[in-house]
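Copied over from TrEMBL, here are the features:
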DOMAIN    194-326  domain 'Fe2OG dioxygenase'
BINDING   HIS212, ASP214, HIS268  Fe cation binding site
REGION    333-368  region 'Disordered'
COMPBIAS  344-368  compositional bias 'Basic and acidic residues'
Amino acid sequence: MAASMVEHGEDAFRKLFKFYKRRSPPPDFSDVLNFAKPFNDKMFACELNSTSVSEEDVSKAGLQPVKDWRAFGLHGYPGFIFISNPFLPGSQQYWVKQCLKMYPQKPNMCNLDMHMSPVETENIWEKSIDIIRKKGCGKREPKTLLEKLRWVTLGYHYDWNSKTYSPDHYTPFPKELHSLSHKVAAACGFPGFNAEAGILNYYRSDSSLGIHVDESELDHTRPLLSFSFGQTAVFLLGGTKREDRPTAMFMNSGDVMVMSGPSRLLYHAVPCIIPNPAGDMLPPCLGQRLETEDHDIIQSVSEEDWDVCSWYLQTSRVNVTVRQVLASGQTFPSSQASHLSMDSCEKSEEETQKNKKRKSESGYEHDT
């Protein structure tokens with residue numbers, strides 16, 4: 001079992017990461033927490049602020065009333081909140097469509113921009129859907145741009161080389177995602193949360209996210225929000241040091257995580273994606289359609305669009321992390337040379353070779 005396989009010690013996180021990432025033999029998931037099932041002694045119920053946002057307002061963003069959310073904390077992780085799928089039936093389809101069709105559009109940035117021209121990466125959705133529809137006809141088709149997508153940045157665009165944000169590298173943050181994030185943050189005790197940057201990660205069945213700390217934002221007093229859609233992932237939440245053994249948990253479609261306070265700067269990673277046992281089926285919550293159209297923000301997804309989205313999600317997962325970069329009234333420093341790295345493995349030159357090895361083993365940012 002995983003619990004007996006790794007104890008505290010040198011780089012215990014990396015050992016457990018490799019344990020869950022391995023394919024042969026398959027890892028044992030019996031020690032992975034599942035918040036969709038009854039409590040165990042590591043979890044406790046969190047009481048959220050149900051009066052912070054009205055039922056009408058959360059409904060507009062496709063959320064259930066806050067009083068009905070199933071929110072949990074973990075012993076030993078103050079500031080960490082796990083909300084088990086607070087979305088109204090059918091509303092996840094809208095957010096999936098935004099992530100696959102709308103958010104990869106220009107002027108937002110994506111991984112394809114690193115080796116393709118802006119003209120080639122325009123309208124990723126439109127350039128992909130015809131090929132995707134042919135894939136169901138038994139013909140072997142090349143990978144589409146949508147299948148090659150690994151990340152998209154919103155608002156203040158994260159610079160993967162310098163590990164910083166810049167006031168000169170900004171595009172308007174999506175209003176509907178800002179509204180969703182604002183409501184979730186308020187319910188968790190953070191009124192006035194200002195969504196300024198987003199990183200969308202697109203996981204295929206063989207993808208992983210390496211061990212890192214999200215510390216590039218200038219203000220760490222505001223929470224980091226994480227929204228998950230599609231196939232289930234194993235999420236590892238560690239401590240402030242790599243020597244701290246992490247806790248493993250499942251992230252299912254619709255689940256929301258909030259990392260705040262002492263948990264805001266903890267090591268974490270995603271070692272693997274776990275496809276639905278039925279192979280080509282989606283989680284049941286993704287097959288639901290909107291019951292009404294009276295939501296203001298979210299809208300029904302056309303059958304044509306959902307056919308593409310559902311095909312993609314049969315083997316994939318999309319994760320959206322939303323951050324507030326600056327404190328209220330704060331501005332960017334004139335020089336950002338001293339900014340901390342998003343991956344604290346890369347803090348010193350003397351560790352460069354060691355970090356290269358870690359990247360190859362952990363799939364830092366993504367295995368492509």
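Including glycine, each Cβ sits where the backbone N, Cα and C put it.
In the domain 'Fe2OG dioxygenase' (194-326), helix, strand and coil residues by DSSP number 17 helix, 47 strand, 69 coil. Summarising model confidence by region, the domain 'Fe2OG dioxygenase' (194-326) averages a pLDDT of 91. Other C-beta atoms found within 10 angstroms of the C-beta of HIS268 (Fe cation binding site) number 22, with every protein chain shown included.
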